[in-house]
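Before any comments, here is the structure.
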Amino acid sequence: MNLLKFSNDVFIAAFFLYSIAFMLFTIAIMGRKWSGRKPEEHTARWGKIAFITSSLGLLCHLAYFFTRWAGGGHIPVSNMYEFMSFLSMMVMVAFTVIFSIYRKILLGLFSVPISIIVMAYAAVFPQEVQPLIPSLRSIYLNIHVTLAALGESFFAVGFAAGLMYLLRTVNFKSSSKSDKRQQRGVEFTLFTIIVIIGFLASVFAFRGAGYETVFIRSNVTVDNPGQNDSTIEKVSYKMPPLVAPYHSEIESFQSFFGIKEPLFEAPFWMKGVNAGRKLNTVLWSLLSGAVLYGVLRLIVRKPLGKALQPALDGIDESDLDEITYRAIAIGFPIFTLGALIFAMIWAQVAWGRFWGWDPKEVWALVTWLFYSAYLHLRLARGWQGHKSAWLAVLGFLVVMFTLVGVNLVIAGLHSYAGTD
Amino acid sequence: MGKARKPVQIIILALIVLLGGYAIGTSAFGGGGKPEEGSRAPSIELLGLDGQTHTLDEYKGKLVVLNFWGSWCAPCVKEMPALEAQWQQWKDQGVVVVGVNVGEDQMTVQNFVNGTGVDFPILMDPDREAVRRYGVSPLPTTFFINAKGKVDTIHIGQLDLSTLSAQIGKLVNP
Amino acid sequence: MNGRLPLIVNTKCECGHQNPVGTVLCEACGKPLLDDPESGETLEMRYDGMARRSQKADPDVIDRVWNFFSSVKIAIYLIVLTLLGSTLGTIFPQESTFLNIDPSTYYEQRYGTAGEIYYRLGLSHTYESWWFITLLVMIGASLVICSLDRVLPLYKALSRQKIRKHRRFLTRQKVVLVTMVAEDPEVWTARAVQPLKKQGYRVFTDGGALLAEKHRFSRWGPYVIHIGLIVFLLAVLARGLPGLNMDQHLAFPQGDLIHIPDTSYYLKNEKFTVEFYSDEEMPEEFRGKKVLPKLYETKAVLYECTEDCGDPSKEPKLTKVASHPIQVNDPLSYKGMKAYQFDYDLTPVLRSVTPKLVNSRTGDSYGAFKLEMKNPQRSFSAGPYTLELKEKYMEFGLNEAGQPISKSPYPNSPAFLFLIKGPNLPAGGEQYFYFPKQNDKAEFQQDAINDKLGGAGRFLELEVGDMSGVDFSESTSYLNIRVDRAMPFVWIGAGIVMLGLVLGFYWQHRRIWLIVEGGELTLGGHTNKNWFGFRREVSFFLNKMDITADEKSLDNGGGQA
C-alpha cells in the first residue's frame, strides 16, 4: 500500500510540475519583449527551463503510472480516473516527441495545458485501485487502451497546433464575412475550453466545501394490472441543485447562498435521476465558464483570440501547419492499431465477435473516418492552412466525445466505473 | 495496357455490381436466416409421440399447418380444438396438421394429448432446435407451409376456428 | 482538375515526348504543360503530374461511372456520409443489443415519440440497413477504382524517371536553390554523390544532372492501405455466406449434456464457478460496500457425435474431443468452433428427488425411488406398494377453471400426482399429490389436498429425508457458440492496412534533382510529406558541399505538406 501512497504523491507532484512548466512556457513566449535581451535568446533560455520542468513532470507522471501498476497489480487504465491520467501522460509523451522534432517552444504553451486539464478531469473520478472484473482481465487491456490513448494524444497535439495556427493567422481586424466567421469560431473554441475549466473549478470547489444534496424518486411501473412495482431511486448531488431530477423529492438539502430549493425541474424526457444530475453539472459548468470568460474579457477588453494573437507573433505559420499535420500523421497509424485493430482482436477473444456496433466502437470508427477524411482532403485535395487547422480542432472534439461524451450520454459495453 | 483498359474496367465494375448487389441484397431481404413468408420452410427432424422420427419431407405435396405449442401456454391449449377440428375436416384433402411441442418431456405431452383428445401428429422438440430454426419466440406460432415446401403465412398468437378454416380453405382451393 | 479539360490540347512536349490527355507535367522531362510559363507557383506533384487512367477526351457511360468512383472528392463525400450515418445509429441502442424485445413496441415505450420515429426510420438497425450497406459498397468501389486509377500511372512515372529534368520543373518545386558554382558541372555532381549516398539516397547522374531518391516504397503506402481495406471488406462480406458463420446463445445447466444445434457437437458444463474478490483484495473504500466479481469459469467438455447422430429416436454415440475451463477472455476452441462465456444464472434447477414412502402412523419406511423431473419413470414400487405416476406439473398452478396446470416447462415448483396401490388401500388405489419442494408443500397445502383425495384414514406419505435425496443443477452457464471461418481474412486485411499505414506515414519519398549548367546550380527537391525534415536534410547536404543555405531559405512557399 505504500507504493500506492507514493504513487498518489508523485501524481500530485507531476500536476504541479506541469503547472509550473506551463507558467514557464508562458514567460518564455509572452515575456520575450520584457528584458533588454534579444527575444530569441529569452525564448530559448526560458523555453529550455520550461521543457526541463515539463520533462520532470513527465518523469513523476511515469513514476505514478508504474508504482500504481506495481501496487495495484494491474495496469492502471481500467477506470475513468486511471484512463484520463494515462491520457494526460500520453499527451505529454506526444508533446515531447513532437517537440523534439520541431523544437517549437510555443507548442508547450498549448499542449501542456491540455495535459493539465485532462489530468484535473481525471481527479474528478474516484481514485481507489479497483480490482479488475473478469471481462477486463486480459493482456489486450494493456495493448488496446494504451495504444488508443497514445494515438489520441497525438491528435491532441495536432489540435493544439491547429488552434495555434488559427490564433496566429485569423485576421482579427478584418470584418469580412469569412473572417468574422473564423473569429467567432476561434472565440467559441476558447470559450469551450474555458467551460471545461469552469466544470473542473466547480467540481473541486464544491467538493472542497463538502457539498451534498440528496433527491429521491419513486418509480411506479404497472407491469400487470393490479400489481404495482415501485422502486426508489436516490441521487446525490455534489453541486447545488439548480435543476432537480424530473418528478423527484428532496431527501436532504444543504442550502447554498440562500438557495433553499432547486430553481426548476428537469424536463420530462430526461428519464432517470442521473440525467437531472448531469444536466445540473452542465449548467454549473456553463455558468462558471461564462463567469470566468466574462472576467477574462473584462481584463483584456477584447476577444480572447485577439488578445492571444500577439503572443504568436513571429511564429512561422507554415511550421504550425506542418506540425498539425505531422502530429496527426504520426497518431493515425497508432490510433488505427490501438483503437480499431486491437479493439477488434480483443472483442473477438472476449465476445466472439470482432465488431458489434457498440456506441464506443462506432465512435472510434467515426474518429477514424474523420481523420481519414482529413488526410484525404489534405493529401489529395490540397486542403491546407485554415481549413486543415479547423479540421484538426474539430477532430479533437470528436476524440473527446468518443472518450467522454459516449460514456456520459450513451450507455454501452464500455461503461467504466464512476462516470460523472 | 491501353487496349486492355476497357475490358478491365468492365470486369471490375461487373465484380463490384455483383458483390455489392449481393451485400445490399442480403441486407435488404436476408434478415438473420429466419424463415419469412415466401421463403423455404427449414427442414426439421423430430421424434413423434408415436415413437418414430419424422421430417417435413414426409408431407411433401401436402399443405402443412405447423403449430408450435406448449402445454403451459394457455392460448395454445385454447386453440387445440380448432386445430383438431380442421385436421378432421381436411385430412383427406391433402392437408396435415402437425403440432410441435416446445421443450416438454414425453409424459407431459402424452398426458396432454390424452386429455384433450388430439389426434393429429405431434412431434417433440425438447432441445428447441426446431424453435430456433423457425425463429419462433412467442407461443403459439403457426406456419402454413404450402405443397411446394414454402412458408405461405406465419400466424403468431391464438388461432380461432374461422380464421384457421379460411386460411386453409384459401390455400387448398386458391 | 477533374475532367474539365479543353477538348483538344496539344499534349506533345518540347522534349519530343507525346503525353496522354490530362497530363500535367511532361512524363519525360517534367516541364509544366498546362499553365502559364511565367507562373512562379509551386507545382502540383500528385501522381507526379501523370494523367489518371480515367481522364479521357470523350467519356462513355462506363467511363463516366468509372470517373465517378475514381474521384477523391466522391470518396471524401462517401467517407463523410458513412461517418454521419454511423453516428445516427448511436442515438438509441440498436435492436441487436437486446436478446428478447419486440422492437415495434419497445422504442415507443422506452423513448416515446422520438423512439417511435427512430424505429420507423429504420435507425434501430442502422448498420444492417440497405443504405448503410450501400455506402460501404460504394466505399469499396471507390477504394478499388481510385487506387487502380492512380497506382498504375504513378508506377509508370516513378519507374521511368529521367535524370535530367526541365529547369522550370526544378525551380517550381517547393524546395529550391539556385546558386553559383565555379566547378566543372560533371566534377561537382560526381562530388555530390557520396554525401547523398551517406544520407541514404540512391543517386543517379547524367553528366551535369543528378537525381537522388529514397524511400520510394513509401509512395505505395496508401495503395497498400486500400488493398488491405478491400480484403477486410470482402472478408466481412464472406462472413455472411452460409456455412461460414454460426452464432448461438445457449444455456448449459451444470451437469447436463446439451446438443449444439446444427452441429454434431455436444457440450457439457461440468462445473460453473463464480468467484468474488475477498475483502482483503478490495480497496479500503469498498470493503463491505461493494461486491466485485473476480472470475466466471465454466469447466466445459466437448463431445462429438460419431454414430446415430441426427436420429432423435436413438441415443447418439459420443466421443470426448476437447475440454477447457472457459473464462471471459479465454474461450474453448475446437476446429474453428468457439464457446465464449457470456452469462450465468445461480438459481438452482431441480433435477431429481429420491423420496421414501413411509407410514405416517407407524413410522415404517417402505423404501425409496428416484423421481426425475424430466422423463420420469411411470411406475415405482416401494415395499408392498406400487406407485403409478399419473400427472406431473413443472410449475404448479391453477387455471381459470380451477384445474391444475403447469405454468411453465421449467421445474420451479414441481408437483406429481400418484396412484398408490397396495395393502390397506381401496381396490382402485389411492391418489396422492406430491410437492418435492418444502415451501411448495406448505403453499399449496399438500396435506389438505391429500386428505381430500385419500380421506381421513390415509397413512402413506412421501418424504425426502435429507439433502442427499435431492439432486439439482447448482447453476446455469450461458455460452455463445460461434463459428467464423472468414476471420483469418479479416485479420489479414487488417494486417495489410497496418503495413500500409506504417509504410505511408513513417517514411517519406524524397527526391532531389540537380542541374549544374553554365556555372549555375539549380536544385529542386520534393517529398510527399514532412518538408521540415526534408529541408533539414537538404541543408545538411549543401553544407557538406560547402554551400551555406539555412533551412528556411530553401522554402519556396506554398506547395504540399
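Note: Cβ is positioned from N, Cα and C throughout, glycine not excepted.
In TrEMBL this protein carries:
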DOMAIN    A:78-200  domain 'Cytochrome c assembly protein'
DOMAIN    A:287-414  domain 'Cytochrome c assembly protein'
TRANSMEM  A:12-29  transmembrane segment
TRANSMEM  A:49-67  transmembrane segment
TRANSMEM  A:79-99  transmembrane segment
TRANSMEM  A:106-125  transmembrane segment
TRANSMEM  A:145-167  transmembrane segment
TRANSMEM  A:188-206  transmembrane segment
TRANSMEM  A:282-300  transmembrane segment
TRANSMEM  A:327-349  transmembrane segment
TRANSMEM  A:361-377  transmembrane segment
TRANSMEM  A:389-413  transmembrane segment
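Taking every listed stretch (A:12-29, A:79-99, A:188-206, A:282-300, A:327-349) in turn, the largest tally of C-beta pairs under 8 A with the transmembrane segment (A:361-377) is reached by A:327-349. Per-stretch counts of Cβ pairs under 8 Å to the transmembrane segment (A:145-167) identify A:327-349 as the leading one among A:12-29, A:188-206, A:327-349. Here the transmembrane segment (A:282-300) has long-range neighbours at 191, 194-199, 201-202, 239-240, 242-243, 307, meaning same-chain residues at least 6 beyond its ends whose C-beta is under 8 angstroms from one of its own. Across the domain 'Cytochrome c assembly protein' (A:287-414), the prediction's mean pLDDT works out to 88. Taking DSSP states H, G and I as helix and E and B as strand, the domain 'Cytochrome c assembly protein' (A:287-414) has 104 helix, 0 strand, 24 coil.
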